[in-house]
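Q: First the structure, which I've put down as structure tokens, then a few questions once you've had a look.
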């Protein structure tokens, strides 16, 4: 096998069909870029889930009556609610917060909005029991068990809110993958078509090659490599695109959320996303090329 | 060298077989004309030898290859022992004369130093030394056919198949091409030439196999194109 011959055939092929080559590279880049974006989103969601779930609490708000009269949660029904929570297998810790503490926290949270702090009075805030669970995903149990107990005003489950938030992110991720799959289909069809056109424009060469006894490697490898080379360039462009989108848009957007969504790091793009994209691209273009040659080009 | 034993070939799209129970035996170093009207089966005959087609019945062998039965991956080796020239030359128009010839060696993986040595030799043999760097369109028809013959012969095939090689050429040029074919034949290469050209067949006085409607109707040791035609 003479590498120089095959290589020069590949270059000739890609140049002869330059508009198709560009189209093939661009669609590959777009689909791989989307796919890479989806992968990054998956990673981001994982990171967020890990960091958020650590802090997730279930808050059992107590009625006005208890909030006003039971300063330390020592009287009934507060004390029995507290001990029931403490004895619950799923519960890691329970912290009581009285009105004044709630008011202090309120002041801290709304530091930036003094008019709001101005309006609030400690009496308007309920006392509460902050419950931390071993498995934050199982907060439902607490809601069910304590939601209707006397002395409990309501149970606030942060996990519910997070679920909605993650649902949103997850559907964003799914949407990205779907668009990536559609673009990938377009890329595959373009690759197939380009190879057919390429094989057609070179039918005289291929005919002579077959006639003088060139093996299939010689007749078909150039076409296959054309597809793979375009795929590799497409993957590289896809990665460059991801890096560009990170710096131009995502960094600012995620920063605006005040750290609620962690920044996508350069390292995340370079590994594992970039090698995955490259691998997927080579695999898909090679398989598409091989199948096309099998189906359309005589040996 | 070439053997066909009771070979038939039927195409799905045709009711009549292209070849019908054909048996021909060609020895090493022979020069054979394959004649007959259009549609008589000459092209099918040649295609079977190259394994472009597989016979419906019978046995085809070229050199030591059992052509019909050999696995696909061995076909390139068969084709490396056969050289081919056609009526339409089939040169690559974007390559020079020597590149066209070298191409046949490059694609079967011959090393560069062999190619640079062999190509000028074969160009000299066909009388094209000095035109190595010309493009095909700068050459006359006869010269283009010489390039095609150089390409067919450069790998020293055991068999040379020529499908109407003089079909596009004037009588004088045709005569030159025939001299060249004879010269190649004298190197021990078996030559099988399909043709319509009466005068060439008559002047050469070589073996003639005549096909009609897919059957061999004549096989003369030293034949002419046809009496009374």
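Keep in mind that glycine also has a Cβ here, set from the backbone N, Cα and C atoms.
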Q: Among A:153-176, A:177-200, where does TrEMBL put the label transmembrane segment?
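A: Checking TrEMBL against the ranges A:153-176, A:177-200, the transmembrane segment one is A:177-200.
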Q: Which of A:177-200, A:221-249, A:269-293 has the most Cβ pairs closer than 8 Å to the transmembrane segment (A:21-42)?
A: A:221-249
Q: In the domain 'FtsX extracellular' (A:56-155), how many residues does DSSP put in helix, strand and coil?
A: 46 helix, 22 strand, 32 coil
Q: Provide the three-state DSSP residue tally for the domain 'ABC3 transporter permease C-terminal' (A:178-293): helix first, then strand, then coil.
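A: The composition, in the requested order, is 102 helix, 0 strand, 14 coil.
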